[in-house]
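Worksheet for the structure shown next.
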Amino acid sequence: MVEVTRPPTKAWATLSPWLPSRGPDADYWWRLTGQHLSNMVEAAGYSTDQQYVALLFHYHWIVPYMGPAPGPDGNLKWKSLLGVEGSPIEYSWKWNTAAGKPDVRYTTEAIGSFTGTLLDPLNQQATLEMLHRIADFVPTVDLTWTNHFFATLYDHDRSKYAKEAAAGAHFTTTVVVAAEWLKNGLNLKTYFVPRRLGQSDGKLPIALWEESLKQLDPNSESRAAMHEFLNNDPEGKLLSPFMLAVDNVVPEKSRLKFYFQSPHTSFASVRQVMTMGGRIPVPESQLQELRSLIAAVTGLDSDFPEDSEVPCISEYNPAAKDNFVEIDLLLSGYLYYFDIAPGATVPDIKFYTPVRRYGPDDGALAKGIADWMTSRGRGEYSQRYLDMLADLTEHRKLEDGKGMQTYVSCLFKKSHLDVTSYIGPEAFDPARFLKHKAHTTRSTRRRSDSH
């Protein structure tokens, strides 16, 4: 059972009593993640109707696929890559512009009865079922490209995957789904982490990615520009692909997002990737804004050398070692995605800094980005963000650790920087179970004292 230490939002308090139990597992996830989501959409200024829609969608379509609740000791059936400790969900808060409001999104890995077994070694059946049920219910959802990548980025002989598992191969997350609650409604995305037979280091050769991509759009000018950068630029050659995302809309409107990891964290390397070696014109003022954002969330001095690597803690969560064994590149360096849009000549590029490893504790990090927003006329929701984070971390104080905030990303727009904070619920953090155990013990003692 999840212990709640703060009053719920009005939307949660109104809806929850009328939603029937779905069993102990789903009830656990609804109480934890449903309240997290309700806090986020309220803090982001969503209308009451929008809050109800987001919560009801989560209850009916996401929570039933979140898998077993953790045991009393925090053990779990399947560890997702979405959280370093195995949480199957990650939230995001896209910061407001000076005249707008934040957007709330979350990404989740569906977990089913056969997850991790010989029947479903890559854990894809629950996601497929969830997506097709949603597509039957939401008319704007189109799974054409999603079905293509399920067919082309994986092998389909389960017996051979079973042999690899018996020989000691480590299988983990291969597909996740994002629900993005924009002011005009729901957007769904599917993210693919390929795992082919014989692939044990988390890296699928770029040629195999391209085999799948060119079947959809053999003459993409934007993708060709990306490959030119990857093949010829010194920084581009260091980028390792690890994930692909698609919008679940009709193919002519869908975009491809190709995710890469770079071992470099110097701002000189960031500049080179974000401009694609000078191919993409980015004003120097925007580059310096990004540099100041990185400094704000990682605790760097404003004059930190542009060609120096950002210092990081050696090991921020021991649980990550075992979970990321085949894709440990995600535990270091910077991340980027290349957005391949229909008809574009060059990709849009988004930058991610993994603040769960770089920078100060969660309290200082949150204050750093809130102050950065305020100093640029975008601070209307800064205090709401800080209060919302405190609501999500009922098991500890923000300043007592790091890892609740996982990434900060930036995408250049014409007039501003699109900035997003990514938040992990720490659903399997030992502190949650210790706190609940103490709470349960106190409650038991009070009951026994009354007899």
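Here the Cβ of each residue, glycine as well, is placed from N, Cα and C on the backbone.
Fair warning: this is a prediction, and the values are worked out from it, not measured in the lab.
Going by what Swiss-Prot states, the dimethylallyl diphosphate site holds Lys189, Tyr191, Lys257, Tyr259, Tyr422, and the candidate of Arg31, Arg105, Arg357 recorded there is Arg105. The Cβ of Lys257 (dimethylallyl diphosphate binding site) lies under 8 Å from the Cβ of Lys189, Leu244, Ala245, Val246, Tyr337, Phe338, Asp339, Ile340, each of these being in the same chain and 6 or more residues away along the sequence.
DSSP assigns Tyr422 (dimethylallyl diphosphate binding site) to a strand in the three-state reduction. Binding residues for dimethylallyl diphosphate (Arg105, Lys189, Tyr191, Lys257, Tyr259, Tyr422) extend across at most 18 Å, taking the greatest CA-CA distance.
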